[in-house]
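Worksheet for the structure shown next.
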Amino acid sequence: MMTTPELSCDVLIIGSGAAGLSLALRLAEKHKVIVLSKGPVSEGSTFYAQGGIAAVFDETDSIASHVEDTLIAGAGICDRHAVEFVASNARTCVQWLIDQGVLFDTHVQPNGKESYHLTREGGHSHRRILHAADATGKEVETTLVSRAQNHPNIQVLERSNAVDLIISDKIGLPGPRRVVGAWIWNRNKEWVETCHAKSVVLATGGASKVYQYTTNPDISSGDGIAMAWRAGCRVANLEFNQFHPTALYHPQARNFLLTEALRGEGAYLKRPDGSRFMPDVDERGELAPRDIVARAIDHEMKRLGADCMFLDISHKPDDFVRQHFPMIYAKLLDLGMDLTKEPIPIVPAAHYTCGGVVVDDYGRTDVDGLYAIGEVSYTGLHGANRMASNSLLECLVYGWSAAMDIDRRMPSVHSVDVLPAWDESRVENADERVVIQHNWHELRLLMWDYVGIVRTTKRLERALRRITMLQQEIDEYYANFRVSNNLLELRNLVQVAELIVRCAMMRKESRGLHFTLDYPQQLAESGPSILSPLTPHINR
């Protein structure tokens, strides 16, 4: 049944992190914008980002150096054009953030001049990380949220999940294939609403919730990647899942990460006996790229049969540690640990999805009118491994470029007066929610065990067989019962799990974040692993 949509806007932005909100604020002067947030508006990966944002502000640094560092960290398969595009626009986009009211830390130089305090993290050859103490994401997110909520042209819908995108040819509309809106699950009212939009932007973040152990908030369930795939978009490089080397090992704080900046300021990684191991692994020691550090920690844990390794900055002055890492210091103190006095137990945990929906310089996907920006996208910036503090930067740069393109094409986009209403005539209320919980746990455990930091062909094949069975069960459940938040996330996550495994099976080498015992060497030449819904098993 066709009906007038309950919601209508010029631009629907699905996601309320740095990518989505920066885009919304750039567009709102001329266009009506709706921003969807799955939970409270600030509950996303941006809020929890500790490290900072990479940009060239130091006169001894250069854009060329930022580019080169990113290419090296990406292990040979970054898109050089994308890297240069982001690095060359970094300072302008960070300045826009400052103009919005974001306060980065400053310090007084020996010559008496005040400047931004720049820190250094793994993979960077210079100090180029702007930060707000050790809670940069919180400063960025709260500033952008405040501005968005007070803008008359931005409507923020909290506790609202996108169920699926509405694509023109799938609902019988004539003309070129394009996105015309989305169905939205209103968690407060517990029903599905129809939203018309001239442009739709996926800013949903990554898919690290596919793993049992993650530093991400619960909402990181790969929604945008799954929706884009179902809409007909290509995805790429999903085998490259970044495991943050230093998540806190503590039963009461499983999602808490210890920022890379700790190692940037001199923290050591140690075995339980107090000895260091990174100097034996890489000449850069603790400042090696994350894939190398995470694999080294994983190797030591397995070699020693240890539950964790340790991060130690107790050799630095107490005041220095408390001043630079106040949030981490306070959190650990609440848990009975003193960062200034003792080594802190850590383990690797799923942290960032380096692949995603294939886009161009403007965040445009394969479907007309559909954009993807931030962690959900594959721009080519990160290659086989994301360099620290390039993620928030990517959000800002593509939020800027997508805004330009959306604004440019808006006058030529025709509105759609009626869209199909969500049909619940053949479904019933769920009676066995334990099925969802069981599938949740099984999926995340098998991904951790078989598609984790170290992989083999047999593990990947085993994972794919079980994922295929889970997909059948979940699709049947989705077809017969009313939607719920857990069901929507599970449906999306099992789809993304399949895509991760298929990308991993395509790559017959070890490179960056993808390490397989069956192909331990790196090929002389390689490129992205690209999957298309039209030919799902195409090789790169």
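Keep in mind that glycine also has a Cβ here, set from the backbone N, Cα and C atoms.
Quick look at what Swiss-Prot annotates:
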- 16-19, Lys38, 45-52, Asp223, Glu375, 391-392: FAD binding site (BINDING)
- Glu121: site 'Important in orienting the L-aspartate substrate' (SITE)
- Arg290: active site, proton donor/acceptor (ACT_SITE)
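Here the features listed in Swiss-Prot are painted onto the structure.
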residue	record	contacts (Cβ under 8 Å, 6+ apart)
Ser16	FAD binding site	Val35, Leu36, Ser37, Val41, Ser42, Gly44, Val145, Ala148, Val156, Ala203
Ala19	FAD binding site	Ala203, Ile373, Gly374, Glu375, Glu394, Cys395, Leu396, Tyr398, Gly399
Thr46	FAD binding site	Gly17, Ala18, Gly137, Val140, Glu141, Leu392, Cys395
Ala49	FAD binding site	Thr136, Gly137, Val140, Ser391, Leu392
Gly52	FAD binding site	Phe104, Thr119, Glu121, Ile129, Leu130, His131, Ala132, Thr136, Ala261, Ser389, Leu392
Arg290	active site, proton donor/acceptor	Gly122, Gly123, Gln242, Phe243, His244, Pro245, Glu260, His351, Asn385, Arg386, Ala388, Leu513
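Ala49 (FAD binding site) falls within neither a helix nor a strand when secondary structure is assigned with DSSP, and so counts as coil.
The Cβ of Ser391 (FAD binding site) has 28 other Cβ atoms within 10 Å, all protein chains considered. Ser16 (FAD binding site) carries neither a helix nor a strand DSSP state and counts as coil. Note on Glu121 (site 'Important in orienting the L-aspartate substrate'): other Cβ atoms within 10 Å of its Cβ, all shown chains, come to 25.
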